Amino acid sequence: MNTSVTSIKLVLLGEAAVGKSSIVLRFVSNDFAENKEPTIGAAFLTQRVTINEHTVKFEIWDTAGQERFASLAPMYYRNAQAALVVYDVTKPQSFIKARHWVKELHEQASKDIIIALVGNKIDMLQEGGERKVAREEGEKLAEEKGLLFFETSAKTGENVNDVFLGIGEKIPLKTAEEQNSASNERESNNQRVDLNAANDGTSANSACSC
C-alpha cells in the first residue's frame with residue numbers, strides 16, 4: 001500500500017463575498033456559517049483526501065477579496081499548483097473580476113497551474129435569487145482558457161468536493177512528488193552548506209566572495 005503523501009498548494013481568488021471561505025470551510029469541515037466574517041489578508045487551511053488510492057494533502061490559501069488586498073495575491077499564488085477562481089452566479093461583476101484573475105494567473109503564475117473556474121451560490125436560485133451569469137458563460141470562458149468548470153453551493157455542499165477532487169485528478173501525482181523531492185533535496189543541501197560553514201569559516205567567506 002502506498003503511504004506517501006503528495007502536497008498540492010492551492011489558492012482561492014475572487015471578488016469579496018463570493019463565498020471563497022465558505023467553499024473551503026465546507027471542504028475542510030463540512031460546515032457552513034451563514035454570516036461569515038470577511039477574510040483579512042489570507043487564511044491557511046489543509047485537508048487530506050484519497051485520490052486513486054493516493055493520499056493528497058491540499059495546502060489551501062484563501063485570499064481576501066477586498067480590493068485593498070489584491071496586491072498581496074501574487075505572494076500566495078506564486079508556486080501554486082492549482083487555483084480556484086470563484087464568482088457569484090447572481091453577481092455579474094464578480095464574473096468580470098473572475099476573468100481578470102484568470103488572465104493574471106496565466107500571465108504571472110506557474111505555466112503548469114491547474115485553474116478551476118467556480119460559479120458559487122447556486123442554492124440562491126432555488127431561494128428566489130435571479131441568475132445573472134449563465135452557466136454557458138462560465139463554460140465558454142473555461143473552454144477558451146483551458147480551465148476546469150464547476151457550479152457549486154457552499155451552503156448545501158453541492159459539487160464542492162468535486163472541485164477539489166477534479167483538481168487532484170488533473171495534477172500528475174508523479175510531478176508533484178518530484179517537486180516535493182526537489183524541495184527536500186534543496187533543504188538538505190542548505191543544511192550541508194550550513195554544516196560546512198560551521199566547521200570552516202574560511203570556506204564560507206570564500207564562497208561569499210565569489
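In case you wondered, yes, glycine gets a Cβ from its N, Cα and C as well.
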Swiss-Prot annotates one residue of Ser181, Ser188 as phosphoserine; which residue is it? Ser188
Stretch carrying motif 'Effector region' according to Swiss-Prot (options 18-26, 36-44, 54-62): 36-44
Return the residue, from the listed binding-site residues Ala17, Ile122, with the maximum count of other C-beta atoms within 10 angstroms of its C-beta. Ile122
Counting every protein chain present, what is the number of Cβ atoms, excluding its own, within 10 Å of the Cβ of Gly14 (GTP binding site)? 25
Please report the number of other Cβ atoms within 10 Å of the Cβ of Lys20 (GTP binding site). 29
Summarise the motif 'Effector region' (36-44) as counts of helix, strand and coil residues per DSSP. 0 helix, 3 strand, 6 coil
